[in-house]
Amino acid sequence: MSGRPAFEQFTAQPPQPAGEVVAQQAGDGAQGQELTISKLENAITSMEEQGLQNDHRHAKAVLLKQKLQSGLPDAVPGQENGGNQQITPAQLNQLRAQVSAYRLLARNEQVPANLIADAVMLRPKVTTLLPEPYEYPGEAENGEKLPYDLMKIFNLHQIRCNRPTTISVPSGIDPVGMLKQRENMIQNRIGLRMKLLNNLPADIPDHMKLKAEIELRALRLVNLQTQVRSEVMACLKRDTTLETALNPYAYRRTKRQSLREARVTEKLEKQQKMEQERKRRQKHTDLMQAIIQHGKEFKEYHRNNLLKMAKSRKAVMTYHQNNERERKKDEIRNEKLRMQKLMQEDEEGYRALLDEKKDQRLVYLLQQTDEYVDSLCSLVRQHQNTEKKKKKEDKKIEKGNQMDEEARVHVRERSTGKALTGDQAPKTEEIEFWLETHPEYEIVPRDQLSDDEEEEEEEAPVEPEEEKDDQYAGMDEETKAKMILEKARNEEDEYDQKTKKQMADYYATAHKIKEKVVKQHTTMGGGDPNLLLKPYQIKGLEWMVSLYNNNLNGILADEMGLGKTIQTISLVTYLMEVKQNNGPYLVIVPLSTLSNWQNEFAKWAPSVTTIIYKGTKDARRRVEGQIRKGAFNVLMTTYEYVIKEKALLGKIRWKYMIIDEGHRLKNHNCKLTLMLNGFFHAQHRLLLTGTPLQNKLPELWALLNFLLPSIFSSCGTFEQWFNAPFATTGEKVELNQEETMLIIRRLHKVLRPFLLRRLKKEVESQLPDKTEYVIKCDQSALQKVIYRHMQKGLLLDAKMSSGARSLMNTVVHLRKLCNHPFLFPNIEDSCRAYWKVNEVNGTDLMRVAGKLELLDRILPKLKATGHRILMFFQMTSMMNIFEDFLNFRRYTYLRLDGSTKPDERGDLLTQFNAPNSDLFLFMLSTRAGGLGLNLQTADTVIIFDSDWNPHQDMQAQDRAHRIGQKKEVRVLRLITANSVEEKILAAARYKLNVDEKVIQAGKFDQRSTGAERKQMLEQIIQADGEEEEEEEVPDDETVNQMVARSEEEFNIFQSMDIDRRREEANQLHRKPRLLEEHEIPDDILKLSFDYEEMERAREEGREVVDQTPNQRRRRREVDYSSDLLSDEQFMKQVEEVEDENNQAVAERKKQRKRKMAGLDENDDSMDDVVLQHKKKKTDPELAEKINEMLDVILEYKNEDGELIADVFQTLPTRKELPDYYQVISKPMDFDRINKKIETGRYTVMEELNDDMNLLVNNAQTYNEEGSEIYVSSETIGKLWKEQYDKFMNPPKPVEEPVKKKEPSTPSTSSSRPSTSGTPSVSDLQRTQQATAQQMLMLMTHMQSLPPAQAQQFQQALMTQTGGNQALMLQYMQSAMLAQRAQASTKVTPKKDEKKETSSSVKTEEAKKDDEPSTSSASAPPPKKKKESEDSEDPMEEDEEEEIIGQKKEPASSRRKSRPTRRFSNEDEEEEDDE
């Protein structure tokens, strides 16, 4: 009772119809009966209006009405006077209790249980109209008492007969009773469940305890939920009963309304409506006012919030700005303090300040390494425990079940990490399509998935973390940093006995279980006493067995040629013999080395059952049965078949997966790595590689991640950690040798347990040495011409309409050109057509390429002394050309590249390695023939072109330098001088440098002491700062020294060179060994000249029509205002210039050579051909004067007695100071200046002045103002200016009036007056730009005209210069130089003086445009010059016609004279600067 809501308890019994109550009140007369019938009719009508016809109360009301109308008795027989009975006290108490309960329910209050018991008197439901048995007994004839008297209950049967429905509604099942029974059952079950949950055992898992506690609390809240629901339902159902829903006034007697009452009612109604309307309007007004007020408050609130936020933001910004300002002040103060210490030569103080800046970074790095090593220790322990459990599980799985099981690939959702396994995972053959349709999933390695499942099943007990910083507690930051650094400097080696006794370090944690391997086991070697493992190979076997025992995977990274294959075979046989582990073992090798592995297994382990899984589909199908049965020990296959046959091979649970040339897995996302991780399950993995570190450190991480994904899981952490000492951080304060060594020693701890690497020079002492030489080759003239344009991205092609083709990958084409120009078919076609031959072969094929020319000198010497050669190429097309060369020289050779079939490779190796083989040379491609080949019968390796990856070249070298080699190995690397190949070589050396620091300096041979590793690391770091000087192309003697192995061979090679030169000298038509420029096809030369002219035209602003990229050169300018002379100085300079011209003409007549016609830069038409003279050497007097001027600067000392020029003598290298070469585009130092003086590059003093100004400007640009170098550069600039002014303006006694005239000379061509009355530099330059061309023409004609006409020209010259003596001197000097050039250049016949004068003038103009200058003024556009020439000098037209006529000279005449073309002056200077 108490568990049910109050309203349900009251409504549990069906309510009595209202008609029954009325009938009881009206039982004493017909008048009361009529009234009762009328009320019943009203009730029935009201219920019908409300649609309650189906209600049981409606049916009972109708039945009662019928009874009253038919006059049937309404009382049970024997109770006729029941209507007059008085109410009993029990009924009165029940009525009062009902009234009280109704009042409580109306107020929605709780009804007490005793009140409910008094108000509801349950009585059994009457299911029949019959009285109780023996209530009206009857008597039978024999005196027997019967239960009923039939006459007394006749009326009851009569009522049943008069019912309107003959079939009564069956009573059925009492729903109230069933509901009570159901509730009792539920309550019992709830009680039992709560009792069970209270008595749960204490050892259940935590997640089960949590679920039980949640369920128990929910069950306890059932009663509260029921009570709340009952209260809510009471509010909802209060107005839904019949008594409250019907209109109570319907039961009143209708009163007739009078007219007065109607009027009063209408009036009251109107008043009520008006009041309601007023209230509605007032309510709406109040609502609007509240909304408006709320809006105002809302806006005000948020406005205040914004103001508060703005104030807070401003306060925070002010705080950080103040902090930043203070920090910058501190930095500036410290910087000034360091500079002050440096200026005061306080080295100790400067070093202390510098260390203070670097210690923070170093301490951070050391702390990071400690944390990383500690985390790896825990990961290694966890990995070992997991692997132990996996081994136990693998033993329970039968092989047959695994083979029959349908292979499925485990995948994982990237975002959530949820893995799909079992039937939910996709099948092997459907994985590719499934991944395309589900891009959010990725393949997860089976080993890694099993690790995760193991972690979920059982949580390892967490060891309490030890506090690491206890020893530094209570110290300030500075003391703590010093303690960390001191500890790192004094750190003992981890292999020391003291360290082993103190605690288990990182290596001891990994190799906890140790097993000694003393001698070779019996199954290794097949019983042959000659097949014995070397001591270092037994050590390698012991290391691999230790990995097996400790459930780890590793990398056997011995240097190439130390027998990694044999050591791997010894591991397999050891596990089979000692550990009773018969496999299966999966060995994945490159296709080129598969036959070698097969031979080694047959030789060293004949008892091991091996399967070679390769070949066609039928061949592979023949061995599938044996594979499915597991009737083998070792299965050898290649990378391709592993990917192709993953469905078959992935079902086998391999004991060991061995991958040869493991650096194939250096890309973490490559297909091979994904397939091996996703499809294959192996207990142990082993990688074999000779180059564990190739291009980048993440590649080493990829290998470790493939082996141990649970330990090396984050590439970002690994790369960030390792790259600190190597990568450029952008900070000027770099780590010194000691600090770099401290960090690298820490990093070696990570790699040492998983990496074993021994070098041949350490373990194989009887192996002969290997020496590598870089031989620089010269370029032929054809290569130089094409290379110069190819650097701009153009390939000269006469077949193209534009004359050239744009190149996309310029570096690749430059490499091709360095190898051989005939790698471009259009170049070969042009040469073939120009030389009038069907095919270019023989010596011509060698003469066009510098590398072939060098090999033509080297190969005969090696052939004569019995050496055999391996030659490696990057391009197979170059191998085709080299084959033609070998056939021409009749050398026997073999060739192996990517197109060679796998079955043929073994035959080629057998032929070359045969004892009496006459094969001299073996051509191989670096990628196809550089792996796994044994070619130790050769002793010379020639790398024709280098690979970007230096380890590819090292692999190629070790094809000959390996176990079994008896001779000294000589490696020759061919590099084209001043080409892109030098940059490739530099990049390769940098990669090898990283390899040395990380791998080799780690000394992963498991026996080196800490002192040895520290010494080796110091040597490597010290070598970083040493940069080799640029080597020139070696001569024959130098090459012989590189190639010769002994003094005897050197003498033989020298004599062979003498014989070769003698033979070439006796040839009838002797040709130089390299192609010269007059032999280059005319179409290529013409295209080269045209594009050079286009470049000049673009620089000068002329319009050109071409399709070439717009790349402009930097032009040098001429300063015309450098010398302002008086009249006497002017006349003396004119006389000196005339003397110099006469002397130069005499010298040029003796040393005159053939010239080639070139294009004038100042002509509008690119077809105007003029003579271009070769650059002259430095005059001896000028060179002597230059040396005297430089000696003054080089010998100048500062106050401390130090030479200020020492810092500027030699610039630091690009490796030492890379940011300098990013800021300074054109570096300059005194070494470069001295080199130009020695080679005669300075023809005039202005060129040296430009270089000196460049040197000073560079120093002031890069260094800060006030620094020591900056001050020294200012001193050098002042000293040079004094020397230069003395040279240009020698001291002469000058009269005083003359000095006064000089500043008062006006500039007639300047439109802007000078403020001081003296023409400014810009005014003079503007004057020179406007009149330079006209005056040069006039001065040239003055020398060949009669005196009267020459005087007219002189007057015109004075008019144009405005009487400026300096300008007149400048023009006179230019005229003299033009006359000197005219006298030294006599290729065309001298028909008249006008033609010579015009040619000389144009040549002089071209020379003046090429001269360097530091002035900011630039020459006006050529079109303006042309216009001024046409307006001032009408004779220019006749001269131009003669010059244009000269351009029509046919090309055949130029070929007959065979002129020698040279590089332009600017090109030579740019090459020298590079």
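Along the chain as shown, residues are numbered 1 onward.
Backbone N, Cα and C define each Cβ position, glycine as well.
According to Swiss-Prot, the feature compositional bias 'Basic and acidic residues' maps to 263-278 (among others). Within its own chain, the compositional bias 'Basic and acidic residues' (263-278) is flanked in space by residues 257, which lie at least six positions past its ends and keep a Cβ under 8 Å from the stretch.
The annotation region 'Disordered' is assigned in Swiss-Prot to 263-283 (among others).
Annotated domain 'HSA' per Swiss-Prot: 272-344, in sequence order.
Taken from Swiss-Prot, the feature region 'Disordered' applies to 383-427 (among others).
What Swiss-Prot records for 394-416 (among others) is compositional bias 'Basic and acidic residues'.
The annotation region 'Disordered' is assigned in Swiss-Prot to 442-475 (among others).
Among the features that Swiss-Prot reports, compositional bias 'Acidic residues' is placed at 450-469 (among others).
Residues or ranges marked as ATP binding site in Swiss-Prot (evidence: sequence analysis): D558, E559, M560, G561, L562, G563, K564, T565. In the three-state DSSP scheme, E559 (ATP binding site) falls into the coil class. All chains included, 21 other C-beta atoms sit within 10 angstroms of the C-beta of E559 (ATP binding site).
According to DSSP, the secondary structure content of the motif 'DEAH box' (660-663) in residues is 2 helix, 1 strand, 1 coil. Residues or ranges marked as motif 'DEAH box' in Swiss-Prot (evidence: sequence analysis): 660-663.
Feature annotation from Swiss-Prot assigns region 'Disordered' to 1098-1119 (among others).
Here Swiss-Prot flags 1136-1161 (among others) as region 'Disordered'.
Taken from Swiss-Prot, the feature region 'Interacts with histone H3' covers 1207-1270.
Summarising the annotation, Swiss-Prot assigns region 'Disordered' to 1287-1326 (among others).
Positions annotated as compositional bias 'Basic and acidic residues' by Swiss-Prot: 1293-1303 (among others).
Per Swiss-Prot, compositional bias 'Low complexity' is recorded for 1304-1326.
Marked as region 'Disordered' by Swiss-Prot: 1382-1474 (among others).
Each residue in the motif 'DEAH box' (660-663) has a pLDDT score, and their mean in this model is 82. Long-range Cβ proximity for K564 (ATP binding site), meaning a same-chain Cβ under 8 A and a gap of 6 or more residues, is found for L556, D558, D660, L688, G690. Of all the binding-site residues given, namely M560, L562, the one with the smallest number of surrounding CB atoms inside 10 A is M560. Taking DSSP states H, G and I as helix and E and B as strand, the region 'Disordered' (263-283) has 21 helix, 0 strand, 0 coil. Counted with DSSP, the region 'Interacts with histone H3' (1207-1270) comes out as 36 helix, 0 strand, 28 coil. By a simple count of nearby Cβ atoms, those within 10 Å, the most crowded of the binding-site residues G561, G563 is G561. A C-beta separation below 8 Å, combined with a sequence spacing of at least six in one chain, links T565 (ATP binding site) to N596, W597, E600, D660, L688.
Within 10 Å of the C-beta of D558 (ATP binding site) there are 24 other C-beta atoms, taking all protein chains into account.
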